[in-house]
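These features come from Swiss-Prot:
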BINDING   Cys83, Cys86, Cys89, Cys132  [4Fe-4S] cluster 1 binding site
BINDING   Cys93, Cys122, Cys125, Cys128  [4Fe-4S] cluster 2 binding site
DOMAIN    74-103  domain '4Fe-4S ferredoxin-type 1'
DOMAIN    113-142  domain '4Fe-4S ferredoxin-type 2'
Amino acid sequence: MKNYYLVDEKRKTPVSTWEKISQALRRSVKLELFVGLFVMMRELLKRNNSATIKYPFEKVKLDNRYRAVHRLMRFIESENERCIGCGLCEKICISNCIRMETSLDENGRKKVGNYSINLGRCIYCGFCAEVCPELAIVHGTEYENAAEQRSYFGYKQDFLTPIDKLKNQVEFEGAGSLRKDANLWVKKTPNYYDAMLESALENQNTQEQGENK
């Protein structure tokens, strides 16, 4: 098979040094270059138009669904751990980086004794948070977890919400959490309607007493 080449007969090959320099200038200095320089100078001279931040003095506000280092949640009322030791997060982890050790307490219920995550191996896919039936493990917003070694483990006491900071814990709205309108998609029980009826009657009685006064 022969190779054919298209030859432009009108094209002149530069011979002298000046012709080579002239050709290089014509190819490099075009109108598009000045358009780009104009846009750059226009954005540079605008006030309060910075596209960057002064990290670490300033940090980007992360979205609720950002998946960073994990957190283990507690119940605010009882201060107990939400984790029931079902092991679903350990089973579904595609990076095989979650380890859990459980035992039975005096009531015969599972108790999580040790919980660890290899943060150097975790890919932060969010499967563990999505599969958790108790919303016990969620993804936080702590992304500054650089380490000097490849295997960087986080343990239960690192992820679990301290009791003294429990009042600051808020229901998580990120990966693995319920929708805000999740209650509308759940089938109600008869007790729910009885409670709603009692609440409506109490409100009605309160309004009538206020009008009589």
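Each residue's number is its place along the chain shown, starting with 1.
Positions of Cβ are set from backbone N, Cα and C atoms, glycine also.
For the recorded site, Cys93 ([4Fe-4S] cluster 2 binding site), the DSSP three-state label reads coil. Around the Cβ of Cys89 ([4Fe-4S] cluster 1 binding site), the same chain contributes Ile98, Met100, Phe127, Cys128, Ala129, Val131, Cys132, Ile137, each under 8 angstroms and 6 or more positions distant in sequence. The Cβ of Cys128 ([4Fe-4S] cluster 2 binding site) has 27 other Cβ atoms within 10 Å, all protein chains considered. Counting every protein chain shown, the Cβ of Cys132 ([4Fe-4S] cluster 1 binding site) has 22 other Cβ atoms within 10 Å. For the pair Cys93 ([4Fe-4S] cluster 2 binding site) and Cys86 ([4Fe-4S] cluster 1 binding site), the C-alpha distance works out to 14 angstrom. It is Cys83 that, of the binding-site residues Cys83, Cys86, Cys93, Cys122, Cys125, has its Cβ surrounded by the most other Cβ atoms within 10 Å. Here the CA atom of Cys86 ([4Fe-4S] cluster 1 binding site) lies 20 Å from the CA atom of Cys125 ([4Fe-4S] cluster 2 binding site). For the pair formed by Cys86 ([4Fe-4S] cluster 1 binding site) and Cys122 ([4Fe-4S] cluster 2 binding site), distance between Cα atoms is given as 20 Å, rounded to the nearest Å.
What surrounds the [4Fe-4S] cluster 1 site, by Cβ distance within 8 Å of the Cβ centroid and not counting Cys83, Cys86, Cys89, Cys132, is the set Ile84, Gly85, Gly87, Leu88, Cys128, Val131, Pro133, Glu134, Ala136, Ile137 from the same chain.
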